[in-house]
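I have placed the structure first, in the form of structure tokens, so that the comments after it can refer back to it.
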Amino acid sequence: MRFTRLSLSNFKCYADAAVSLDPGVTVIHGLNGSGKSSLLDACFFALYGTTALDTTLADAVTIGAETAEIDLHFEHAGGDYHVHRRIRASGGRAQTAACVLETPTDRIDGVTDVEAHISGLLRMDAEAFVNCAYVRQGEVNKLINAAPSTRQDMIDALLQLGKLEEYRQRAGDARLGVEDVKSNVEGQLDRLADQIADKEAADPHDRLASHNTALAEVTADIEHFEAEREQARQTRDDAADVLERYEESRTALADVEETIADVREAVAEAERERETLADRVSDHRERASDLDDEAAALAADLGLDDPDAEDASAERDAVADQREAVAERVREVAPAVSRLTEQADSAADDAATLDERAETLREEAAALDAEADDAAAKRDDAAARIEALDADIEAAMAAFDDAPVAFGAAEAFLDDATAERDELRERVATLRADRQSAADRVAEAEALLDEGKCPECGQPVEGAPHVERVTDDRERVAELDAELADVEDELDAVAQRVDRGESLVAAEDRVDDLEQQRERAVERRDEQADIADAKRDQAAEKRDRAADLDAEAEDARADAAAKRDAADEKRETLAALNADQTALKERLDALADLVDRLEAAADAREAAQRLAEKRAALAAQNEQRRDRLSELRERKRTLDSEFDADRIETARADKDRAEDYLEQVEPKLQALREDRDDLQAKIGAAENAIAELESLREEHERVQSRHQDLQAVHDEVTALETMYGELRAELRQQNVSKLERLLNETFELVYQNDSYARIELSGEYELTVYQKDGEPLEPAQLSGGERALFNLSLRTAVYRLLAEGIEGDAPLPPLILDEPTVFLDSGHVSQLVELVESMRRLGVEQIVVVSHDDELVAAADDVVRVAKDATSNRSRVSTPEHI
């Protein structure tokens, strides 16, 4: 596996960055704090998500940004892969908004699925990745400082031996689980055996036979007493029926006697009502005669000859029609009077209003003339302002007469000068840092030389191979001083160009501002000229309209006089119509009284006729009631003859005897039923006991069979647990031997020193370093640089072991070293270079080293330079340089 391309947007200190990574050794170079390690963090995060971050997810998003995106392209086993992650931050919190893995054959979405697929693809999770391929900054001594048990867990996990231990533990857990279940089953067998013995001792079969015999005897007694009870109930019901019919006859006789009394009372009441009706008929006939006399007098006053109600009503309707015609005429004339009066008043008001409007228009015309004069004055002021601005613009443009660029190009000129100045400033800072580093090495070397020691390895000067390095460093300091002076001179020249560009940009801004002011002055001049013309036109229109309104007012006054004359004529006509209407109303009221009296007389005669007919009907009803009395008296005699006293007494005696027997037999039956229920319950209990005994015997056989099965499973799981433990121990011993060999090869290759003979790795992953004289040393007793190289050797040995695999080659990610020189002096850095080159020779496809040390650059195939902008505090990445 190897990384091919990394793209970032708003990730940590990077706004936008993209870098391509080729096979071989790539050194990411830059000053401390420039953002080198953040590129590795991005690769690690792209593969394993938040597990790869030392901080929160929100800290991964650039300050001030809302989203961050990371795209990592890599090759693996001949296929191309692409991981895309997008983070969304809001209010101090962040979450993964998108996580996609594109494989050669599929597309996988979602954080969990993507990370699981990558872990399976590389055969390692995030922790294994750090322990194997990724030596993070400050963790170069992680493996060597770890306890042997921790180191064993790390390496076992990388070599997949942890899976065997996991399987062994699972088998052990399964064995314990089977033992628990088997113990429970054995206890269950004991309990079942005790229950079966208890059930057999109770002898449920004999108890069942005894209870069945007693139940048959009780059932026979119940059937005998129930038959006797039914016979007593029949006797009681027959006697009750006789007594009930007797009571019904007595009730019927009482009803007949009551009905006879009611009919007699009804006959007497009808006779009294007939006498009352005769008096009322006489009263109605007298009232009809009086009303006829009053109607004759009214007819004479009205000039009518013996009219009836129909004739009087027709005359009343004719007079009502005449009155309505006059009223209709009044309704027509009265509104006309009001309308003409209102029209006359309205015309007079219109004339006054028109006079007022004409006067207002003349006043408005005078005001518009004054506004037109004011606008003309403002127009003249704007014209003078335009002439002054033209002179100012010409003066400002004079700044470009001897300028290096034409008007309009000043801002581009300033941007180019500013960019060149920033690049030179960054170059000055880099040169000063390189010069300081070289000067420090010279000072340190000179101090060691003064003490008679080699500046590279600290050994005595005699026979030291690197003494000439001090002269090279002094020459390097002189070269850097000369180059720094040249660059500072260039920086001063560019600074003058920046100042000139800033003055030209200010001149362009001044011209733009003056031209905008001139445009506004032209607009104001034209606007005020238009206003003056418009105001004068409006004043002329208002004077013309005032003259028209004066003529309209005169016409309105003439119309008001004509309307008042017409209204006076209509008032005279209305007075004559009101007099006719009053006379017709008086005749109409008299006719209404005549009609009322004639109709009342007719109603009285009709009422007398109806009452006479009702009196005759009452007489007919009394005849019918007398016939009904005869029938009721015959029915009473029949009921009296049906009464038999002896039969009634016999029925009462039979009923009493039957009720006494029923009262005595019911408690006896209740007691027998309780005995029967008790026996049935005992029979059910005996049958249940027999069924439970059979069920317990069957359950005992089933549990016994399960116990045998569990014993077989227990034996199999125990054997499996033992097999996994033995296999893990055997494989670990093979790996320890192979890892020890690879570790010694690597350490001997990179640390060519006569002080140490070999390194020993025990089966528990304890490390021991043996000197040439055979004296053992703990790794912690080595110097800082030696410990760092020792640990790097161990890490690369583990990497080689994984690369070779237990059963052949295994695909591995790039070997990544983040600031591995942090614990190394200049001499050990050279040995680190040897280590990197040796891994290259051993066939590691891609090695990525992050460092600020210049010496590592010489060992690289490609160099990616990282720098940070001091103004924006953002890092940027240069295009890889092929060495």
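Every residue, even glycine, has its Cβ placed from backbone N, Cα and C.
Model, not experiment: these values are computed from the prediction.
Under the heading ATP binding site, Swiss-Prot lists Lys12, Asn32, Gly33, Ser34, Gly35, Lys36, Ser37, Ser38, Gln137, citing sequence analysis as support. Shown in sequence order, Ser37, Asp818, Glu819, Val822, Val850 are the residues of the chain, 6+ apart in sequence, with a C-beta less than 8 angstroms from the C-beta of Gln137 (ATP binding site).
The list of residues near the coiled coil (244-283) in space but at least 6 beyond its ends in sequence, with Cβ under 8 angstroms from a Cβ of it, reads 608, 611-612, 614-615, 618-619, 621-622, 625-626, 628-629, 632-633, 635-636, 639-640, 642-643, 648, 651. Residues or ranges marked as coiled coil in Swiss-Prot: 244-283 (among others).
Here Swiss-Prot flags 271-290 (among others) as region 'Disordered'.
For 305-326 (among others), the entry in Swiss-Prot reads region 'Disordered'. Under DSSP, the residues of the region 'Disordered' (305-326) split into helix, strand and coil as follows: 18 helix, 0 strand, 4 coil.
Per Swiss-Prot, the feature compositional bias 'Basic and acidic residues' maps to 313-326.
Swiss-Prot lists 336-389 (among others) with the feature coiled coil.
Residues or ranges marked as domain 'Zinc-hook' in Swiss-Prot: 407-506. As a summary of secondary structure, the domain 'Zinc-hook' (407-506) carries 79 helix, 2 strand, 19 coil according to DSSP.
Per Swiss-Prot, the feature coiled coil maps to 414-452 (among others); the stated evidence is sequence analysis. On the 0 to 100 pLDDT scale, the coiled coil (414-452) averages 84 in this prediction.
If you look up Swiss-Prot, you'll see Cys454, Cys457 marked as Zn(2+) binding site, on the strength of sequence analysis.
If you look up Swiss-Prot, you'll see 508-565 (among others) marked as region 'Disordered'.
Under the heading coiled coil, Swiss-Prot lists 571-604 (among others). Long-range Cβ contacts of the coiled coil (571-604) within its own chain (Cβ-Cβ under 8 Å, at least 6 residues beyond either end) map to 284-285, 287-288, 291-292, 294-295, 298-299, 301-302, 304, 307-309, 312-313, 315-316, 319-320, 322-323, 326-327, 329-330, 333-334, 337.
The coiled coil annotation in Swiss-Prot covers 668-720 (among others).
Candidate binding-site residues: Gly33, Gly35. Fewest other C-beta atoms within 10 angstroms, Gly33. Around Lys12 (ATP binding site), the same-chain residues six or more apart in sequence whose CB sits under 8 Å from its CB are Gly35, Ser38, Asp41, Ala42, Asp59, Ala60, Thr62, listed in sequence order. When Cβ-Cβ distances below 8 Å are used as the criterion, the region 'Disordered' (305-326) is approached by residues 296, 299, 577, 580-581, 584-585, 587-588, 591-592, 594-595, 598-599, 602 of the same chain, each at least six residues removed from its ends. Each of Cys13, Gly30, Leu39, Val850, Val866, Ser875 belongs to the same chain as Lys12, Asn32, Gly33, Ser34, Gly35, Lys36, Ser37, Ser38, Gln137, is absent from that list, and has a C-beta within 8 angstroms of the C-beta centroid marking the ATP site.
The region 'Disordered' (508-565): residue composition by secondary structure is 58 helix, 0 strand, 0 coil, according to DSSP.
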